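A.B. asks: One structure, as structure tokens, below. Some questions next.
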Amino acid sequence: MKQKFIFVTGGVVSSIGKGLTAASLGALLEGRGHKVTIMKFDPYLNVDPGTMSPLQHGEVYVTEDGAETDLDLGHYERFTSALMNRSNSVSTGQIYDTVLNRERRGDYLGGTVQVIPHITEEIKARIYEAAQGSEIILVEIGGTVGDIESQPFLEAIRQMRIDVGQENSVLVHVTYVPYIAAAGELKSKPTQHSVKELREIGLQPDFLVCRSEKVIDDNLKAKIGLFCSVKPENVIAAQDSRFIYEVPLALHREKLDELIVARLGLSAGKLNMKGWQNLVKILGNPSHTVKIGVVGKYVDLKESYKSLHEALVHGGVANNARVEIIYVDSEKVTDKTVHSLLGKVDGILVPGGFGTRGVEGKITAIKYAREKRVPFFGICFGMQLSAIEFARNVCGIKDATSREFHAENKRTGNFVIDSMAEQRGVINKGGTMRLGAFPCAIASGSRAYQVYKASSIMERHRHRFEFNNKYKDLFEKNGMMASGICKERDLVEIVELPDHPWFVGVQFHPEFKSKPLAPHPLFVHFVKASLKKK
């Protein structure tokens with residue numbers, strides 16, 4: 001059987017939900033027994049999002065093989081069993097970088113290098129590469145139809161649909177149908193114009209997924225279908241859901257998966273979505289509520305912590321609880337304000353981050369959690385700061401710090417957190433950190449061992465700095481245990497306080513491996529401990 005290609009585009013506005021649509025459709029096709037993968041094209045000129053501000057781009061999602069990617073890849077992995085890698089996330093910057101390097105080497109034999117065919121051929125080559133080993137590949141095109149940046153990708157899709165045959169490809173266009181309160185009705189004109197933009201470049205959508213606040217009835221579907229040359233049954237209503245994990249079930253109710261399977265000549269299989277149904281049931285009617293305070297510096301944009309947010313939700317579901325996440329700006333946390341900001345939460349989490357802004361506020365929050373015996377979870381930078389707090393306030397090293405905070409001077413001192421040897425002298429920032437999955441050996445009898453129920457694990461990393469081993473004996477003497485070690489490099493990956501209700505810091509990012517139907521055990525146990533504190 002030939003591979004099948006499902007292209008997902010978006011119109012009218014950005015952030016319309018293309019990624020969730022692709023991920024949800026992937027979940028439905030998997031539920032019917034098909035092997036899927038999903039890839040994302042981002043139209044920006046950055047090579048990857050690794051050096052972009054989270055406040056502009058949202059979180060950087062790290063894959064097993066160490067690629068720094070768009071947060072939509074997190075949706076793809078959470079909604080399906082597919083494992084993403086660097087071939088699943090491609091930017092305009094990567095495409096141009098590859099083509100221009102070939103030109104410099106003389107690979108084009110003196111020919112004029114142009115968007116068509118050179119850029120479009122490279123785009124198609126990336127799709128074929130990502131599709132290897134899968135039966136179906138869903139390809140999300142970032143941006144909005146009509147944007148200049150997206151045009152080469154749309155042209156490549158037009159060519160591919162001819163190359164692979166219309167019977168082996170489907171174009172799903174996600175659009176927006178706004179509700180005009182003054183008129184009391186939904187308006188289809190923006191969708192019509194968005195499809196018109198697609199048709200002008202030779203693309204006719206097979207399916208329209210219409211986002212809306214209100215119910216789209218059959219009459220409006222028929223109207224949209226008529227003006228957009230789409231069968232009315234292929235106009236899919238996608239009303240706003242309470243939870244993102246309702247989206248696969250909502251699309252199934254509209255028969256999107258059935259229609260696409262039939263359109264591509266695939267086996268319908270027997271759909272099994274019981275896990276998703278149970279998940280939504282718990283989310284809609286939990287037995288408990290728990291408050292978790294997340295102390296960070298990127299709180300103005302919640303998507304900066306997207307995977308973290310979802311992992312906490314997963315941990316709540318495993319405990320039949322709704323997790324109320326309270327985001328706290330670390331710059332506002334001081335000795336005077338910490339109790340008013342965190343006094344009513346049941347657990348405190350300090351996530352990853354970079355730089356000095358807001359550091360002392362995070363350290364104050366960690367001290368509060370340790371002294372008040374509030375369940376605490378430190379991730380990456382949060383783990384490093386928990387070590388600094390412990391060094392200052394328990395071990396008596398008042399000038400304990402991280403070399404990251406003094407990178408531009410030659411200060412010597414108590415660098416409890418120090419740069420790894422291979423990071424010293426690194427000039428380029430992009431793609432040069434310790435990235436991807438690495439092994440960690442867990443000490444028997446530790447809380448980490450109780451959580452994982454395993455002596456060896458693999459977790460994903462994104463950092464330049466590590467715990468300084470010359471302080472390890474002093475820390476353990478004063479009560480902080482190094483319970484997880486990367487033995488290949490003798491790097492401390494997990495620290496914990498055995499005499500605290502729940503105080504764990506990890507150098508890696510467990511949120512990247514949490515799924516709604518398979519919550520990460522660290523988040524399950526953190527939420528469980530927070531419920532006990534409540």
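For all residues, glycine too, the Cβ spot is worked out from N, Cα and C.
Annotation source Swiss-Prot lists region 'Amidoligase domain' at 1-266. Among the features that Swiss-Prot reports, CTP binding site is placed at Ser14, Asp147, Ile148, Glu149, Lys187, Ser188, Lys189, Pro190, Thr191, Gln192, Lys223. What Swiss-Prot records for Ser14, Lys187, Ser188, Lys189, Pro190, Thr191, Gln192, Lys223 is UTP binding site, and it gives sequence analysis as the kind of evidence. Per Swiss-Prot, ATP binding site is recorded for Ser15, Ile16, Gly17, Lys18, Gly19, Leu20, Asp72, and the stated evidence type is sequence analysis. Look at Swiss-Prot and you will find Asp72, Glu140 tagged as Mg(2+) binding site, backed by sequence analysis. The domain 'Glutamine amidotransferase type-1' annotation in Swiss-Prot covers 291-534. If you look up Swiss-Prot, you'll see Gly353, Phe381, Gly382, Met383, Gln384, Glu404, Arg464 marked as L-glutamine binding site. Taken from Swiss-Prot, the feature active site, nucleophile applies to Cys380, supported by sequence analysis. The active site annotation in Swiss-Prot covers His509, Glu511 and is backed by sequence analysis.
What does the local environment look like for each feature on the list?
C.D. replies: The region 'Amidoligase domain' (1-266) scores a mean pLDDT of 95 in the predicted structure.
Within 10 Å of the C-beta of Ser14 (CTP binding site) we count 11 further C-beta atoms, all protein chains included.
According to DSSP, Gln192 (UTP binding site) is assigned to a helical segment.
Residues within less than 8 Å, Cβ to Cβ, of Asp72 (ATP binding site) and separated from it by at least 6 positions along the same chain comprise Lys18, Gly19, Ala22, Ala23, Lys40, Tyr61, Glu140.
Secondary structure at Asp72 (ATP binding site), taken from DSSP and collapsed to helix, strand or coil, is helix.
In the three-state DSSP assignment, the secondary structure recorded for Gln384 (L-glutamine binding site) is helix. Residue environment of Gln384 (L-glutamine binding site) contains 27 other Cβ atoms, counted within 10 Å of its Cβ in all protein chains.
Its Cβ placed at the centre, Cys380 (active site, nucleophile) has 23 other Cβ atoms within 10 Å.
His509 (active site) has a Cβ environment of 24 other Cβ atoms inside 10 Å.
Sequence-distant contacts of Glu511 (active site), defined by Cβ-Cβ distance under 8 angstroms and a gap of at least six in the same chain, are Ser307, Leu308, Glu310, Ala311, Ile379, His520, Phe523.
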A.B. asks: So which of the binding-site residues is most packed in, judged by how many other Cβ atoms lie within 10 Å of its Cβ, out of Lys18, Lys189, Lys223?
C.D. replies: Lys18
A.B. asks: Using the recorded ATP site (Ser15, Ile16, Gly17, Lys18, Gly19, Leu20, Asp72) as reference, state which further residues of the same chain have their Cβ within 8 Å of the centre of those residues' Cβ atoms, listed in sequence order.
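C.D. replies: Residues close to the ATP site, other than Ser15, Ile16, Gly17, Lys18, Gly19, Leu20, Asp72: Gly10, Thr21, Ala22, His75, Glu140, Val174.
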A.B. asks: Taking the Cα atoms as reference points, how far is Gly353 (L-glutamine binding site) from Cys380 (active site, nucleophile) in Å?
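C.D. replies: Approximately 8 Å lies between the Cα of Gly353 (L-glutamine binding site) and that of Cys380 (active site, nucleophile).
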A.B. asks: Tell me which of the binding-site residues Ser15, Thr191, Gln192, Gly382, Gln384 ends up closest to His509 (active site) in space, Cα to Cα.
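C.D. replies: Closest recorded candidate to His509 (active site) by Cα: Gly382.
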A.B. asks: Looking at the binding-site residues Lys187, Arg464, which sits with the largest number of other Cβ atoms within 10 Å of its Cβ?
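C.D. replies: It comes out as Arg464.
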A.B. asks: Ile148 (CTP binding site): which of the binding-site residues Ser15, Gly17, Gln192 is the nearest Cα neighbour?
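C.D. replies: Checking each of Ser15, Gly17, Gln192 against Ile148 (CTP binding site), the shortest Cα distance is to Ser15.
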A.B. asks: If you draw a 10 Å sphere on the Cβ of Met383 (L-glutamine binding site), how many other Cβ atoms land inside?
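C.D. replies: So the number of other Cβ atoms within 10 Å of Met383 (L-glutamine binding site) is 26.
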A.B. asks: In Å, rounded, how far does the Cα of Thr191 (CTP binding site) sit from the Cα of Ile16 (ATP binding site)?
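C.D. replies: Between the Cα atoms of Thr191 (CTP binding site) and Ile16 (ATP binding site), the distance comes to 12 Å.
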